[in-house]
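Below is one structure, written out as structure tokens; the observations come after it.
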Amino acid sequence: MQQVKAHTELKRGWRYEGLVSIPWAHLALIAIMGAALFLHLANLQAIGDANRYYTAAVKSMLQSWHNFFFVAAEPGASVTVDKPPLGLWIEAAFAWILGVHGWVVVLPNILAGVLSVPLLYALVKRSFGEGAGLVAALTLTLTPIFVATNRNNTMDGMLTFTLLLAAWAFLKATESGRLRWVVLGGVLVGLGFEIKMLQAFLPLPAFYALYALGSREAWRTKIKHLGIATIVIMLIGLAWPLAVDMTPPENRPYVGSSTNNTVMELIIGHNGLARLLNPRQVSTGDAANSAPPAGARPQAPRPGAPPDARVNDGVPPGGQPDGQPGGTPFANETGSPGVERFFVQPLAKQMSWLLPFALLGVVLLGASRWHVPLQATHRALVLWGGWLLTCWVFFSRIEGIFHAYYTIMLTPPLAALVGATFAWFWRRLEHVGARVGLLLAGSGVVAFHLFIARQEGMQAGWLYVPVLLLIMAAGLGWWHQGRASAVLTLLAMLWVPAVWTGLTTFDPTPNTALPTAYSPIDEMRPGGDPTQEGAADILLDFLQANPPGTSYLIAVSDAQIGAPLVLSTGQPVLYMGGFNGGDPVVDAEDIAQMVACGDLRYVVVSGRTRADIATWLDTTCRPVEGGIASPGNRPPGRVQLYDCMPE
């Protein structure tokens, strides 16, 4: 009798009620988490200092509470990082305990990434069963950009984990109708805003639609609850920006990548419209012909007296992408705007491997009749489909600043839909049409993989393993209701992204400035600048041999030169142009006053330096013989060191 019962439970297969017994599901989840942990931690020495701009900021933040609160980019607190504080505060907390090292500052994102795997499993399991949750967790683990981004200190991994927690809160709110869960969801989205600003709002339409269409509460109650959630999001999200903007400018650093030294403008401009539109379309005024605003002149680095903000001669705040005049910024990294963006090189390899299968699932899961309030399957579809489609449409259309690692935002809903779609086929395997449909879908996905690999220049025998798996799946399609065939089809669809994720992890020279999936094409990595990296090394040797004896170790055009110096010395390094040389942190008058007061001796000029500063240096200071670096194939070209000590 017991054998008959066990056989009957096994024959149920992969239904929404569950795939296997709970212990086996848990063991499978533990194995998937182990794989995620391995892919996140292996070859960690290759990341070096990680993104030096953020790592240097962490080192600076640990030097004073003033620097910590304002997320100062360098110890002198001349300028802030161009991001909100929460992610960097968490990284600084880890560094305070373990020291400032590359592996330490990426550890919060690694933990967030690994913990996202069981969290996604639990969320998908609620609507589609354990089997779907396991496939979703495995898909997330084997998505290259998910691993690449979490192995960096760009904070997007922490944001993704926070938004998954928010999705859980809104699901709980929808199921229970309790205000406290809606408020918790709002709190989590607000915290996400304090990690990456407006990027945290991308899944918000899906969250609100989930509660509005899925909750059994009266419409009046739902509107009130969502209104309260919106207020909570605004209160938490704007707490730090308003605190900074209400602080007198002379008592805080210049707000990096802003045009008017306010966080609110940073939200709307560099981290807002500049992402949606080409930066050349975002008006910043005629900075080149503007007079510097009145205010206190820069002093020695101390809390409350950073160098004063000044206008910029012709370089938009935050700087322009290099080497792409008049075109889409970072097109070599994320392609040109359009719906096809995610299906072609260079963006397809990041996370699009199973995107066609996920989109098929949106159609299949949405084909049944809908009722409001929604049932569990349709609630999940609104959540995951809404999140995925919102991000897909947004990132397909934007013409502004768009880096490959932003696509980590699509990985949770994509993985969830892959799990749900596979479960949809699995529970219908007794029908010939479902078996054939899954095999055809898998064949289409594998063909898409070969297309991506060909575009990327990848020619390897392992690419054709999925073809063999599909042939075996076709041969086994009529046995045991096609379960073996379905499993082989799933393996075929996951094979190439799994290997690509492994190649990403074990890449000996990963792009630590702008994390991306492995690329076999030998090309300059976007964000790298050999001229500036070489300049920093030569500058460090020179400064160690010729210490300036001033408050600031040196003034440099931007953080790409300055951050390595901060990491090596821990001393104040004036970023005259902020992150990328375009911020109006100081002008020639400020530099002259700092030199006269004995706060500054050495200044570096490059192609990103303000024209008035370069002119003043040419007429007042002495160039150090030999310059610093030879001309590069990208701006800033030649980098020249000046000694401004009076003879």
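Backbone N, Cα and C define each Cβ position, glycine as well.
Sequence-distant contacts of the transmembrane segment (20-41), counting only residues of its own chain at least 6 positions beyond either end whose CB sits under 8 Å from a CB of the stretch, comprise 110, 113-114, 117-118, 121, 130-131, 133-134, 137-138, 140-142, 147, 150-151, 501-502, 505. According to TrEMBL, the feature transmembrane segment maps to 20-41 (among others).
Marked as domain 'Glycosyltransferase RgtA/B/C/D-like' by TrEMBL: 82-240.
TrEMBL lists 93-124 (among others) with the feature transmembrane segment. Nonlocal intrachain contacts for the transmembrane segment (93-124), taken as residues 6+ away from its ends with a CB within less than 8 angstroms of a stretch CB, comprise 29, 32-33, 36-37, 40-41, 44-45, 47-50, 54-55, 58-59, 62, 87, 132-134, 136-137, 140-141, 146-147, 149-158, 160-162, 164-165, 167-168, 171, 380, 412, 415-416, 419-420, 512, 567.
The transmembrane segment annotation in TrEMBL covers 131-148 (among others). Among residues of the same chain six or more beyond the transmembrane segment (131-148), those with a C-beta under 8 A of the stretch's C-beta atoms are 14, 16, 18-20, 25, 28-29, 32-33, 35-36, 39-40, 113, 116-118, 120-125, 349-351, 353-354, 404-405, 407-408, 411-412, 414-416, 418-420, 422-423, 426, 490, 494, 497-498, 500-501, 503-505, 510, 515-518.
Feature annotation from TrEMBL assigns transmembrane segment to 154-171 (among others). Tertiary proximity for the transmembrane segment (154-171) is limited to same-chain residues at least six positions away from its ends with a CB under 8 Å from its CB atoms, namely 51, 54, 83, 86-88, 90-91, 108-110, 112-113, 115-116, 119-120, 122-123, 126, 181-182, 184-185, 188-189, 191-192, 195-196, 199-200, 203, 207, 210-211, 379, 383, 387, 405-406, 408-409, 411-412, 515.
Listed by sequence, the residues of this chain that lie at least six past the ends of the transmembrane segment (183-211) yet keep a Cβ under 8 A from its Cβ atoms are 83-87, 155-156, 158-159, 162-163, 165-167, 169-174, 222, 225-226, 228-237, 239-240, 266-267, 271-272, 275, 379, 382-387, 390-391, 394, 406, 409, 413. Feature annotation from TrEMBL assigns transmembrane segment to 183-211 (among others).
Residues or ranges marked as transmembrane segment by TrEMBL: 223-244 (among others). Panel annotation: around the transmembrane segment (223-244), residues 70, 80, 84-85, 173, 179, 182-183, 185-187, 189-191, 193-194, 200, 204, 208, 211-212, 217, 252, 255, 262-264, 266-267 of the same chain, lying at least six beyond its termini, place a Cβ under 8 Å from a Cβ of the stretch.
Sequence annotations record features per position, and here TrEMBL assigns region 'Disordered' to 284-332.
Marked as compositional bias 'Gly residues' by TrEMBL: 316-326.
What TrEMBL lists as transmembrane segment is 351-370 (among others). Listed as Cβ neighbours of the transmembrane segment (351-370) (distance under 8 Å, sequence separation of 6 or more from its ends, same chain) are residues 139, 143-146, 342-343, 377-378, 380-381, 385, 388-389, 392, 407-408, 410-411, 413-415, 417-418, 420-422, 424, 441, 444-445, 448-449, 452, 493-494, 496-497, 500, 517.
Long-range contacts of the transmembrane segment (376-395) within the same chain: residues 16, 124, 126-128, 167, 170-171, 174, 202-203, 205-207, 209-210, 213-214, 341-342, 355, 358, 362, 365-366, 368, 370, 402, 406-407, 409-410, 412-414, 416-417, 420, each at least 6 residues beyond the stretch ends and with a Cβ under 8 Å from a Cβ of the stretch. The transmembrane segment annotation in TrEMBL covers 376-395 (among others).
The feature transmembrane segment is assigned by TrEMBL to 404-426 (among others).
TrEMBL lists 432-453 (among others) with the feature transmembrane segment.
Distant neighbours of the transmembrane segment (460-479): 435-436, 439, 442-443, 446, 449-450, 453, 485-486, 488-489, 491-493, 495-496, 499; these residues of the same chain sit at least 6 beyond its ends, with a Cβ under 8 Å from one of its Cβ atoms. Sequence annotations record features per position, and here TrEMBL assigns transmembrane segment to 460-479 (among others).
Per TrEMBL, transmembrane segment is recorded for 485-503 (among others).
Across the domain 'Putative mannosyltransferase YkcA/B-like C-terminal' (539-618), the model assigns an average pLDDT of 94. For 539-618, the entry in TrEMBL reads domain 'Putative mannosyltransferase YkcA/B-like C-terminal'.
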Positions whose Cβ lies under 8 angstroms from the transmembrane segment (432-453), at least six residues beyond its ends: 343, 345, 348-349, 352-354, 356-357, 360, 422, 425, 459-460, 463, 466-467, 470, 473-474, 477, 482, 485-486, 489-490, 492-493, 496-497
Helix, strand and coil counts within the domain 'Putative mannosyltransferase YkcA/B-like C-terminal' (539-618) (DSSP): 35 helix, 10 strand, 35 coil
